[in-house]
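Here's the structure we're looking at; comments come further down.
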Amino acid sequence: MKIGQLSKLTGASIRSIRYYEAQGLITPKRSDNGYREYHNLAVEQIRTIQFYLSLGLSTEQIASFLHCVLKNKEAFCRDVLPVYTSKLAEIEQQIQTLTQMKSNLEERIRSIRSEESIYKEATYHVDKTSQ
């Protein structure tokens, strides 16, 4: 199949498919006229790549185990374990960072609201005494 048809079947842009090829994730055959010809299995490959990208993995990480996963299925491919473990640790660190950022923002919001309340109360008392 041609790249346009593969794009339609997978939802991946032609540019993305060419990028996956450049990264060594898929390898089309070339016809006599130089056009890329993709095997029907390329649909599964692209969908698998898209799944791993949605997990936040890089194309380099995916390349390290994609062949194993496509050949043996993920449950039998231990090559994914170090990548998953590393990604999970990265996500845990991001969660800690985001939790700290959230706490800082909540504290700033409380502080601003408290200052507003004090200012409004002080203004009210000044207005009341000047009448």
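Note that Cβ sites are derived from N, Cα and C of the backbone, with glycine treated the same way.
Record features (TrEMBL):
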type	residues	note
DOMAIN	1-68	domain 'HTH merR-type'
COILED	88-115	coiled coil
Local confidence of the prediction over the domain 'HTH merR-type' (1-68), expressed as mean pLDDT: 94
The domain 'HTH merR-type' (1-68): DSSP-derived helix, strand, coil residue counts: 41 helix, 4 strand, 23 coil
